[in-house]
C-alpha cells in the first residue's frame, strides 16, 4: 500500500497545503497534526471493509459451531435415551444371569434378537434377578428452564433499575409512566403463567421483580411530581409507598400462592410505622410504642402462619399404625416427586386408624417441615426480635427521663407492653423455655412500672410502697397460678420472688443500719445520735416478710417469719424516739419470746433459727444498755435471769420428744456426762416423738446457762460502777465473782450432768476475761490477775472429773500465762542476772586504770519496782504445785512423787523469797552503809521492824551471799 502525498486541507482557509511549503492560499505554516488527521482518515477507509469481512466470516463460523453442537447434543441424548430405557428382565432358564445394564441387545448378543455372544454360566446363589435400574440424567429439562428464567428475570430487574435511575430524564412524564406501567404489568402477569406451567422458581423470581417494580413506580411518581406528590414529606411518602407495596404483595401472595411475595410483604412492612411517625418527632415514649406496634404485627403474622400450619396440616400417605405420613415435597420446577406408597400390612379401617392433622394444603403447596415455611418463620422471628429490642431500649430511656419527656403516671406503659409482647412470643412459639423467663420479666416490669411514678411523686414513701407492691404481686401470682401452664406459673413465681427478694434485701439492710445506729448511741463519742430512716423500715420489713411467706414453700415460711420479726424489732427505734433502756427492754422481751418458742418448737431447724434471732436481739440489748451504768446493770440482770429461765424450761421439757426425768442424775463422772450428751443429741428414751425430734432443746438450754454464767462477773462490775466504786475494786470484784463460779461445775456433776460442758466452758471464759481485763486507768498489776486466773483454772481442773473439761481449763490458761510472763520473766531475769552487770564494764569506756571490780552494792533497777511480780510468781508457784497434784500418778501420795514435779516447784520456791526480799536487803556493807532497795519493813506488817525512821538498826545477817568484795 503506497502512502498518499502528504497534502492536506488548510485548517484556516481550506486551501491546499503540504508539509513543505504550507498553505499556498493564506501562507499558513505546515501543520503536521492536520496532515496526520488526513492520513488516519484514509487508513480508516481502507481498514473498515476488511474488518466487516472478517466479522461476517466469524459469525458464519460461530453459527456452524453452534449447529454442530446442538446436533451433537440431540443425537447424544437420543442415544442415551435408547440405551438406558427400562426394559423388562428376560425370563430365562434357572441359573442364568440377566444382561448387564447398558449392554447391547440384538443378534449375537444373547438378547431377544439372536443367540448369546458368550455361553451362559450359572448364577451364584442369592444373586437377585430383576429389572436394571436406569441412570438418572445430570439435570432435567425443567431445571434448565428454571435456571434460564431466573437469570432472565434478574437481568430484567437490573435493566428496570438502570432505566429508572439513568434513562429516566430522556422521556416525558407520559412516556415514563407508560413504560413503567407496561413493564410492571408484564412482570406481574408472568408468575401465574410460570406457576401454571409448574415453573415455581421462575414464578417466585418474577414475582419478586414485579414487586420491586411497584416500589420503583412509587419512587418515580414522587420524583416527577405526579398528581402533586412531590409536596408530600419524603419520609411520610416513603412509608405510604412501603405500606402500599406490602398490601399489594400480601394480596398477590394470596392470589398466586407464591412465597416470594410473602417475604416482600414482611420485609417492606417493617419500616412503615417508623417512617410515618418520623415527621411527628416522637420522644422515647412514642418511639417505644411505634416499635412495639411493629413487633406486634410481626407476631400476628407468625401466629397466622402457625394457625395455617396447624389447620392445613399435610397431605399424607398412610404410615405404620394407621397414621398418615408427610406429603411428597415439590421438586424443582414446581412438580412433585413420586406419590407415597402405602406401607404393607397397614389397615385402613377404623380400628386403630389414627389420623394425622387436617389434610388441607398450605399456602404455596408447602408442608409444615418445608424449608420455605421454616425460612419465612425465621425471618419473621428475626424481625420481631429486632423491633422488640428497639421498643425495650426506647422504653428504658423513657423510664429514666420520664420527668422531662412525658407524663409520669404512664411512663412504664411501653415497658409493660414490651414485656407482654415477650410473653405473647412465648405463647406463639409454644416453647416452655421462653414462657418461663417471659413470665418472670413481666412480673418484674410490672413492679418497676408501678414504683417509677411513686419515686418521682412521693419518694419518701418509696420503701413501704415497694413492700406493698411486692406483697400485691405475690398474692396475685398465687391466686392466678392454678389455671396457667406450669412453665408460666413458675416464671411468675420467680419474678415475684425477685421483686420480694430485692425489696427484702433493701429493707433488711435498712433495719441493720438502724440497729447499728442504736448501738452507736451507747458510745460516749456518739451519744444520742439521730437514727436514720423513719417508720417505713419496720412496716416494710413486716410486709416484705409476708410477701416472701406467700411465695416460699412451707419449709421456708417459718424461718422467714422469724427473721422478719427480728429485723422489725431492730428497726423499731426508727419509727419513734425511744430511750436506751426501752430499746433494751423491747429487745429482751422479743428475745425471750423467741427463745421460749424455740424450746417448744418440734423441729431442729425452727428451733435453731429462733434461738439465733433471740441471741442477736440479746446482744443488741446488751450493746445498747452499755450507754449508762444503771441501764447496763438492769440489762445484764435481765439477761442473767433470762438465761437461767431458759435453762430451767429446757431441763423440764423432753430432750427428744420423750420425758426427761432424772435419768443419769445418779451417776457422777464422765459416764454421766456422756449419758447426758447422748440424751441432748436425741438419744433419750421416752414415749414422745422419735429420736432427734427436738434435739435442739438441751443445747439451747446449755448455751443459755453458759451465757448467764459469763454475764455474772460483768453484772457485778456494772453494779459497782453504779455506786461509783473505784476502778481497782471493780476489777478485784470481777475476779472474785469469777472465782465464785468454781463450785458450779462441781455441783452440776451430780445434779445436772448435761450442763457440765457448758458450765465448764463458761467458767473458763469468765476467768480468762477477768484475768486479762485489768490494766489501763486504774493501774492494776495485770500479772497478779493473770496468775490468779491460772490458779483458778488449775483449781477448776482439779475439781472437775470430766476429762474434756480438764483439757479445756488447761487450754484456757495459755493466754493468762502469756500475760503473766510479760511481767514475771523480766523481773526474775533482773533478779538473777543483775549482780553480774559489772562484767560488762570491762568493755565500755576508756580505762581509768586497773580492772573494774564489784562495788559491793546491790543494783536497784532489776525490775522489782513493786511487789506485783513477786505476788504473781508466788501465785504461779501454787498453781504449778496444784497442777503437779493434778498430774500425779495413781497411788502417789504427794506431788513430790511426780517425776519432774520438783524441777517445776523448786525454782519457784527458791526464787520467791529473793523476789520478795532480795538477798542482802538491809544488811550493811563493810563501810557501814545499807544497800538501797526494798527493806523488810516494806513487806512486813504495819508497825513492824524495818529500817525506817525510829526503827532499830537491824541485826547483821550472817549470810555469806553476796560476799563482801572489799579488801
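The backbone N, Cα and C atoms fix where each Cβ goes, glycine too.
Keep in mind that TrEMBL annotations are predicted by a computer and have not been checked by a curator.
Per TrEMBL, the listed range annotated as transmembrane segment is 726-748 (candidates: 335-357, 657-679, 726-748, 841-863). Within the set 110-130, 782-802, 908-928, the record from TrEMBL flags 782-802 under the feature transmembrane segment. According to TrEMBL, the feature transmembrane segment maps to residues 206-224, out of the candidate ranges 206-224, 358-376, 586-604. TrEMBL tags one of the stretches 814-838, 939-963 as transmembrane segment, and that stretch is 814-838. A Cβ distance under 8 Å defines the sequence-distant neighbours of the transmembrane segment (378-402), meaning residues of its chain 6+ beyond its ends; these are 263, 266-267, 270, 283-285, 287-292, 294-295, 298-299, 301-302, 305, 408, 411-412, 414-415, 417-418, 421-422, 425, 429, 448, 452-453, 456.
Ranked by number of Cβ pairs under 8 Å to the transmembrane segment (461-484), the listed stretches 436-455, 496-523, 782-802 are led by 496-523.
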